[in-house]
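A.B. asks: Please find one structure pasted underneath; my questions will follow.
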Amino acid sequence: MDVPARVSRRAAAAAARMLLRTARVPRECWFLPTALLCAYGFFANLRPSEPFLTPYLLGPDKNLTERQVYNEIYPVWTYSYLLLLFPVFLATDYLRYKPVILLQGLSLIVTWFMLLYAQGLLAIQFLEFFYGIATATEIAYYSYIYTVVDLGMYQKVTSYCRSATLVGFTVGSVLGQILVSVVGWSLFSLNVISLTCVSVAFAVAWFLPMPQKSLFFHHIPSSCHGVNGLKVQNGGIVTDTPAANHLPGWEDIESKIPLNLDEPPVEEPEEPKPDRLRVFRVLWNDFLMCYSSRPLLCWSVWWALSTCGYFQVVNYAQGLWEKVMPSQNADIYNGGVEAVSTLLGASAVFAVGYIKLSWSTWGEMTLFLCSLLIAAAVYVMDTVQSIWVCYASYVVFRIIYMVLITIATFQIAANLSMERYALVFGVNTFIALALQTLLTLIVVDARGLGLCITTQFLIYASYFAAISVVFLANGIVSIIKKCRKQEDPSSSPQASTS
């Protein structure tokens with residue numbers, strides 16, 4: 001009588017080991033990778049010197065001219081980001097995230113080391129290239145956590161990881177402002193602190209667990225799932241009983257596994273090698289399917305167009321502030337403005353969750369109105385020669401964009417699997433960067449028009465105004481079509497009775 005009991009316990013233990021290899025136990029396994037990733041995100045974004053980058057480059061430390069900074073150095077970041085985005089997107093999935101996160105940390109270290117010690121135009125252009133690598137590899141940070149936690153934890157861990165970057169950026173901005181305005185530290189000292197923080201982030205990244213799967217190239221084979229497990233689209237496992245029932249001592253496993261003493265132990269199948277051609281074929285089919293949806297296409301178009309303009313305004317806002325009030329002649333509050341705009345934007349984003357609106361009906365009109373407000377904010381920032389008006393307009397600009405991009409993200413992600421959401425996110429960002437590259441090449445780059453900073457912002461305001469006109473026309477057409485559809489059912493009975 002003891003033998004079956006021992007065999008039963010061995011079978012239960014073997015099943016438990018198999019589940020531990022192929023599944024993720026949300027209550028026990030999610031905390032460590034989430035905490036490590038949040039720590040990485042916090043320190044990687046804790047960069048007190050970033051709001052003061054333009055004054056630092058124009059100041060005595062680097063002694064560069066405005067034309068060199070705006071028209072020859074900053075465009076390198078845009079070109080690098082675009083060039084690297086798609087290869088990094090695929091490499092992130094193929095290498096399973098952690099190596100790319102380490103690459104991001106290393107790129108940040110190189111960027112801030114060069115910011116401290118590199119001199120000359122060419123060296124700073126190389127610096128911008130490494131910063132482009134760091135920006136392109138951000139996708140690994142935001143995707144990693146979905147491969148090491150249970151599906152039911154996605155919402156919670158997403159909020160934790162995004163909050164970590166938000167808090168890190170805000171703390172860095174406030175710290176930089178205090179050290180400059182109150183303590184009187186030099187901008188060089190702020191870069192030393194930034195280098196230290198990104199080095200800490202790089203060290204933390206080494207302790208991240210290596211994921212066993214990814215969205216596209218490294219799916220968990222379905223034969224490994226066992227115990228009533230079904231493979232879902234993101235490679236995780238869904239069982240027909242609650243996950244909590246399996247946790248305490250794995251008691252539930254023993255009753256679900258048929259025992260056969262004559263059968264040898266079952267060997268776990270090896271993970272199949274990724275079929276690259278199949279992956280690209282699936283990506284292409286998903287691309288066609290996703291963008292054939294009119295609502296998704298509408299939100300994606302706004303995402304790409306507005307993100308292009310947002311990047312341009314944020315990248316060159318410090319240059320406009322420097323023009324309105326040179327940092328050599330007065331105190332500057334760039335760090336405080338970045339912190340305030342981030343906090344108010346986060347508060348507004350939180351409030352979005354409580355908005356009750358039929359986005360299918362009024363979404364395009366909302367995009368029109370908010371794009372028009374963004375255009376007005378950028379125009380005021382450019383034309384009113386007051387630094388405080390510039391600061392206030394910038395805060396309004398960032399709040400509106402953060403709210404709308406949150407709504408767009410939700411509208412796009414609501415009915416997509418994780419793979420398709422990652423694909424749409426990557427495609428939208430790539431289109432935004434392609435447009436930004438074109439805009440930079442024509443308006444900013446010294447090889448193009450090489451316009452002054454105030455003329456650039458006038459063009460950006462006109463750009464957002466054009467976006468608002470597009471969505472106004474599209475919104476009117478959509479509302480008219482919807483009204484006609486609502487009238488058709490009521491008119492058909494009248495026609496039949498007559």
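From the backbone N, Cα and C atoms, a Cβ is placed for every residue, glycine too.
Fair warning: this is a prediction, and the values are worked out from it, not measured in the lab.
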A.B. asks: Based on the annotations in Swiss-Prot, which residue of Asn63, Asn415 is described as N-linked glycosylation site?
C.D. replies: Asn63
A.B. asks: Is it the case that Swiss-Prot assigns Phe410 and Leu451 to the same side of the membrane?
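C.D. replies: Going by what Swiss-Prot records, Leu451 is on the opposite face of the membrane from Phe410.
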A.B. asks: If we count other C-beta atoms within 10 Å, could you say which of the recorded sites Gln104, Thr111, Ser186 has the fewest?
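C.D. replies: Relative to the other recorded sites in Gln104, Thr111, Ser186, Ser186 has the fewest Cβ atoms within 10 Å.
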A.B. asks: In whole Å, note down how far the CA of Ser186 (site 'Essential for pyridoxine transport') lies from the CA of Asn63 (N-linked glycosylation site).
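C.D. replies: Distance between the two Cα atoms comes out at 15 Å.
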A.B. asks: Distance between Trp112 (site 'Essential for pyridoxine transport') and Ser186 (site 'Essential for pyridoxine transport') at the Cα atoms, whole Å?
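C.D. replies: Distance (Cα to Cα, whole Å): 15 Å.
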A.B. asks: Check Ser186 (site 'Essential for pyridoxine transport') against DSSP and tell me helix, strand or coil, would you?
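C.D. replies: Note: Ser186 (site 'Essential for pyridoxine transport') is coil by DSSP, not helix or strand.
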A.B. asks: Near the transmembrane segment (165-185), which residues from the same chain, at least 6 beyond its ends, have a CB less than 8 A from one of its CBs?
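C.D. replies: Answer is 41-52, 141, 193-194, 197, 331-336, 338-339, 342-343, 346.
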A.B. asks: State the non-local partners of the transmembrane segment (296-316) in its own chain: residues 6+ outside its ends, Cβ under 8 Å from one of its Cβ atoms.
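C.D. replies: Counting only partners 6 or more residues beyond its ends, the transmembrane segment (296-316) has Cβ contacts under 8 Å with 70, 74, 77-78, 290, 363-364, 367, 371, 374, 378, 394, 397-398, 401, 404-405, 408, 411-412, 416, 424, 427-429, 431-433, 435-436, 439-440, 444, 453, 456-457, 460, 463-464, 467, 471, 474.
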A.B. asks: Near the transmembrane segment (361-381), which residues from the same chain, at least 6 beyond its ends, have a CB less than 8 A from one of its CBs?
C.D. replies: 295, 298-299, 302, 306, 309, 313, 317, 320, 389-390, 393-394, 396-397, 400-401, 403-404, 407, 411, 457-458, 460-465, 467-469, 471-472, 474-475, 478-479, 482
